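Annotated features in Swiss-Prot:
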- 1-21: region 'Disordered' (REGION)
- ALA2: N-acetylalanine (MOD_RES)
- SER9: phosphoserine (MOD_RES)
- 24-52: motif 'Q motif' (MOTIF)
- 55-226: domain 'Helicase ATP-binding' (DOMAIN)
- ALA68, GLU69, THR70, GLY71, SER72, GLY73, LYS74, THR75: ATP binding site (BINDING)
- THR149: phosphothreonine (MOD_RES)
- 174-177: motif 'DEAD box' (MOTIF)
- 237-397: domain 'Helicase C-terminal' (DOMAIN)
- 412-455: region 'Disordered' (REGION)
Amino acid sequence: MAADEEPDSPSGALQTAAEEEETKTFKDLGVTDVLCEACDQLGWAKPTKIQIEAIPLALQGRDIIGLAETGSGKTGAFALPILNALLETPQRLFALVLTPTRELAFQISEQFEALGSSIGVQCAVIVGGIDSMSQSLALAKKPHIVIATPGRLIDHLENTKGFNLRALKYLVMDEADRILNMDFETEVDKILKVIPRDRKTFLFSATMTKKVQKLQRAALKNPVKCAVSSKYQTVEKLQQYYLFIPSKFKDTYLVYILNELAGNSFMIFCSTCNNTQRTALLLRNLGFTAIPLHGQMSQSKRLGSLNKFKAKARSILLATDVASRGLDIPHVDVVVNFDIPTHSKDYIHRVGRTARAGRSGKAITFVTQYDVELFQRIEHLIGKKLPVFPTQDEEVMMLTERVNEAQRFARMELREHGEKKKRKREDAGDDDDKEGAIGVRNKVAGGKMKKRKGR
C-alpha cells in the first residue's frame, strides 16, 4: 500500500480520527461566532471530548445523555448549545439547570454568565441557604437561565406568585446520579410535571445507575448517548498512590507529604465536618495556607473558602464530600484522601478533582489498619492495584513532636470556637478563614515549618 493511502488501514484511520479531534474548533462544531469569541476569552483553546461529541447533536435539537469523567468540560457541552439557541430565539425563562449542590449551581451560573456576557445573558441561582425573598425578586425579573437545586425550586414553584416554567425550552440535569442519590426523586418528578413536554433535555452524569436509567425513560425523548469514558474509570493522566500507615500517625504523614510536594495546590478530603475543621486548624498552626469547606459552614463562608482557593490565595482546601463533585477548580495538583471514602464510587469523584481536562495530577489515599477492606473495594472498582507513595519514614517520625503540639492547639481552638458559638450564634466575622489565634500558633515550636521544594 502506498504511503499516502496508509489511513485506510485500521490503525491509520484511528490515528486520522484522533488527529481530526485534536484540530477541531468550536466553530467546526457549529457554535456561533460570538460564542466562539467568548470561548477564546475564557481560554478554551479547543473543545474537549464530551463537547465534540455532544454539541453538534444538541445543536441539531436532539436530547442528550452525556456520560463523562469529572473535569471533562460538561458545563460547556450544555451551556453552548443553550446559548446558541437563545441567540436564535430570545426568550425569558428559556432554560432550567438542576444540580445537586449549591456550590455547583453557582459554578454553572458563573460559566453561563461568562460565556454569555457579550449577549447580556441573565441568570438566577435558586438554592437553599439563601433568603427566599431575594430569590423571588430575581425570578420576577424573568432571567434567561435558572440554575437550581430541586428542593428550593419546588418551594418557589409552589409559593412564589407569578413564577412558572410553562414556556421553558431546555432542561438540564447535571450530576443526575447524585441528584437522585440525594433523594430528590420526588422533587424531580414534580418539576417534570409542571414544565412543557415539548422541550429539549440534556442529562449529564458521571455514572449510569438504575435510577438514572429510570429518569432517562421518564424525561428524555429518543436521546443520543455521548460517552467518553467507561464506567468507574479514572482519568488517564492521574497518578494514583496509597500509603499504609498507623491511624495515630495520619497527621504526621500529611504534613510530610505537604512538605515533600510543596508548591502544589492540594485538595484534602476528610470524612466529617469536625475533622475537616480540626485538620485545617492543625495545618494553619504549622504555617500552611489551609482553608476548610464543609456543610456546617454558612453558604457565604463556603463560597468564600472556594473563591479564595480558586484565586490561589490559599493553596490547601480541606473538604468533605460536599465539595467532591462538579466544582470548577481547574488548578488542583494533588488530591489527598486523608479519610478513605466509605463508598467506593466516591473515590472516583474525589480524585476527579485533579488531572482535569487533559492535565496530569496526583492522588494519594491514606489507608490505616481500619481501612483495608474499603481500600480493596476501591482497587476492585477501578480495576488496578495502586503503588505505594514513596516516603522516608525516619524523616516522617522527626516531625512527630511538632505535629503533636499543633494537634493540641488545634483541639483547644476547636473547643474555644464551639464555646463561642454557644454564647453568640450570630458571628459576623469570618472565623473559618481568619488569621486569628496568632498567640496559639506562635507557641508551636519553631514557628513556621521549613518547606522543601516539590519533586
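Note that Cβ sites are derived from N, Cα and C of the backbone, with glycine treated the same way.
Known features from Swiss-Prot, placed on the structure.
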residue	record	DSSP class
ALA68	ATP binding site	coil
GLY73	ATP binding site	coil
THR149	phosphothreonine	coil
Cβ packing number for SER72 (ATP binding site), 10 Å threshold: 24
Residue numbers, six or more beyond the limits of the motif 'Q motif' (24-52), whose CB comes under 8 Å of its CB atoms: 59, 66, 68, 72-74, 76-77, 80, 83-84, 87, 114-119, 226, 228, 357-358
DSSP-assigned states of the motif 'DEAD box' (174-177) in counts, ordered helix, strand, coil: 2 helix, 0 strand, 2 coil
Cβ neighbour count within 10 Å of the residue listed as 'phosphothreonine': 24
Residues in the motif 'Q motif' (24-52) grouped by DSSP into helix, strand and remaining coil: 13 helix, 0 strand, 16 coil
Distance from GLY73 (ATP binding site) back to the residue listed as 'phosphothreonine', taken between C-alpha atoms, in Å: 20
Local confidence of the domain 'Helicase C-terminal' (237-397) - pLDDT mean: 89
Per-residue Cβ crowding (10 Å cut-off), top of binding-site residues ALA68, GLY73, LYS74, THR75: LYS74
